[in-house]
Structure formats: C-alpha cells, structure tokens
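Asks: My questions will all concern the structure given below.
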C-alpha cells in the first residue's frame, strides 16, 4: 500500500513540476519546475525487481543535474545582463540555454545517456521518459527560437535515431532510438509552430503507449521474444507488427498523419533540404521495422512458448485491441471525422 501511495505522490509531483515549467513567466520559475520534475521522477525509477534501475536512476540524475546547473548559470547570466547592464552577448546565453534543454530532452548530439538509460527501466517508466518528460524541455525550446542550431540538432537527431536502431536487439533501446528520431520531427514541427508540434506529440504519445502497453502486458524486452511469443496466435502477432509500422509512419496507418502534417507545413515554408533529410531517415527506420516484420511473418520459430501460460486480463486485452484498431485504421477514419465537423 505504501509503495502505491508513494508512487501516486511522486507522479502527482512530476505532473505539477511540468505544469510549473510550462506556465512559468520567468526562466527561474521554469528551472524550479524542471527540478521538481526531476526529483519526483527519480524515485519512480527505483525498482527492487530490476537490478539496472539504480544505475539508470544515477545516470539520469547526473545528466539532468548537469543540465540544470548549466541552465541556472545561463539564467544568472541573463539576469546580470538585464538588471546589472553587463555586456553579455544575447545569442551566447540563448545557445547555452538551448544546449541544456536539448540535453534534458535527450536530443542529438546530447543523446548519449538516453538509450543506455532506457535499457535499465521498466516499460511504464520508459513510456514516461519518452513522452511526459519531453513536454517541459520542448516547451522551453519553443521560447528560444534559435533556428540555425535547432536545424543542426534536427538533422543529427533523425540520422542518429535512424542509424542507431539498425542493429538493436533490445526493444527498449529500439524504442529509445525511435524516440530520438521522432524528437527530430518534433523539433521540426516546433520550428514551424506550436500547434503542429502538439499534434505530432499527441499522436506519437498515443502510438508509443499502444506498443508499450503490449510489451508491458507480455513482459517483452528483446526481439527474439517478439518472434516466439505469439506462435499460437497469429492475429496478435500481426496486430503488434502493424503497430510497429504505424509508429514508423507507413502511409496506410495513423502514424503517417502527423508526419504528413509536418511534410505539408515544411513544403509551404520551402524547407526542402530539411524535408529530404527527414524523409530519408524515416525510410531507414521503416527499413528495420519492415525487416523485423518480415522475420516475424516469414520464418517459423519452434521453441517452447512459456509465455502462453500467462493469465492475461481480458479487460486489458480489449483495451489494447481498441487502441490497435485506432492505430491501424485511424487514418482512414480521419477524413470522415473532419467531414462530420
């Protein structure tokens, strides 16, 4: 009981920390929100059943503490410039602030801690790290508007996210590199306008939740588990890999819709070079998702299937099926929804 009640407390504090950052009207207030968010997420990471969780929480604390320290330093510089009339270059302080926020969100070239950290987390914590923990830094990045540096970060993020996931067998690392790739798309959307970023973020969160819901239910952590778990239920296997392709952004599925919106916005702004790099990287991510699907569908795996003895709650299974249906067929129903409006 104490464990659950403490988790509820820390989750509430984490949400409050993010909301403080998003609603803050000063950089110091935003920094305080980030600190509350960090200190409430670390206890959620510690898990007595997972040996790697202590290492992961220490890694997370060190990287985030470094980013917070440098962020506070840049805030002090900004206050010195505004209040004490010190001669400090404005772009210099903005660049320091931006680099700390990129480090906090796990965007390339400050991504090195992110895949290693993900490998030591439970699926619920991994989902929180990939979705909720991105909101505050990305909102603060949108206030800075340093488009030249952001463009470099976008290019690096999408390329590293695509190439890094090529030879991964750990599903958590695969999802981490996928998250880095999607962060590149989110930053591109952020450079255009905030509403495009919000749409992309909501779709990405939904698709990640759908996949991780299944991984958590069947306790899947490696690729070979994916191949051997559903040998007696081909429909589940098919649905799971369709969700993978949806996350990758293959056109018939819902995951293509946010990418479509960003592509359209970029073409309106004549950002063809950026668009080309984004599309090329997405083709690489789709290549390894399709390679996984090909292996799963075309090859037979005769191994002892111990996971079928798990008693899966029918209620959760039905929820997963509803989410999967939306993820796979959502794009087809979107025009109908807009026509009704």
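Cβ coordinates are placed from backbone N, Cα and C, and glycine is handled just like the others.
Model, not experiment: these values are computed from the prediction.
Copying in the features that TrEMBL gives for the protein in this structure:
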| type | residues | note |
| --- | --- | --- |
| TRANSMEM | 7-28 | transmembrane segment |
| DOMAIN | 24-285 | domain 'NADH:quinone oxidoreductase/Mrp antiporter transmembrane' |
| TRANSMEM | 60-80 | transmembrane segment |
| TRANSMEM | 92-115 | transmembrane segment |
| TRANSMEM | 135-162 | transmembrane segment |
| TRANSMEM | 198-218 | transmembrane segment |
| TRANSMEM | 238-261 | transmembrane segment |
| TRANSMEM | 273-294 | transmembrane segment |
| DOMAIN | 286-337 | domain 'NADH dehydrogenase subunit 2 C-terminal' |
| TRANSMEM | 315-338 | transmembrane segment |
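Can you walk me through where each of these features ends up in the structure?
Replies: Sequence-distant neighbours of the transmembrane segment (92-115) (same chain, 6+ residues past either end, Cβ-Cβ under 8 Å): 27, 34, 59-60, 63-64, 66-68, 70-71, 73-75, 77-78, 81, 133-134, 136-138, 140-141, 144, 146, 149-150, 153, 156-157, 159-161, 164, 173, 176-177, 179-180, 183-184, 187.
Sequence-remote contacts of a segment are chain residues at least 6 beyond its ends whose Cβ falls under 8 Å from one of its Cβ atoms, and for the transmembrane segment (198-218) they are 122-124, 126-127, 130-131, 134-135, 138, 171, 175, 179, 182, 185-186, 189, 225, 229, 240, 243-244, 246-247, 254-255, 257-259, 261-262, 307, 310, 312, 316-317, 319-320, 323-324, 326-327.
Long-range contacts of the transmembrane segment (238-261) within the same chain: residues 178, 185, 189, 196, 199-200, 203-204, 207-208, 210-211, 214, 226, 230, 282, 285-286, 289-290, 292-293, 296-297, 321, 324, 326-332, 334, each at least 6 residues beyond the stretch ends and with a Cβ under 8 Å from a Cβ of the stretch.
Residues 151, 154-155, 158-159, 161-163, 165-166, 178, 181, 184-185, 188, 223, 226, 241, 244-245, 247-250, 259, 262-263, 266-267 of the same chain, all 6+ positions outside the transmembrane segment (273-294), place their C-beta atoms under 8 angstroms from a C-beta of that stretch.
Same-chain residues lying 6+ beyond the ends of the transmembrane segment (315-338) with a Cβ under 8 Å from its Cβ atoms: 206-207, 209-210, 213-214, 217, 239, 242-243, 246, 251-257.
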Asks: Which sequence-distant residues neighbour the transmembrane segment (60-80)? Criterion: at least 6 residues beyond either end, Cβ under 8 Å.
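Replies: Residues 27-28, 31, 34-35, 38, 41-42, 45, 86, 88, 93, 96-97, 99-101, 103-104, 113, 117.
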Asks: May I ask for the residues of the chain that lie six or more residues beyond the transmembrane segment (135-162) and have a Cβ under 8 Å from a Cβ within it?
Replies: 17-18, 21-22, 30, 33-34, 37, 91, 94-95, 97-98, 101-102, 104-105, 107-109, 111, 177-188, 190-191, 194, 197, 201, 274, 277-278, 281-282, 284-285
Asks: Do you know the mean pLDDT across the domain 'NADH dehydrogenase subunit 2 C-terminal' (286-337)?
Replies: 78
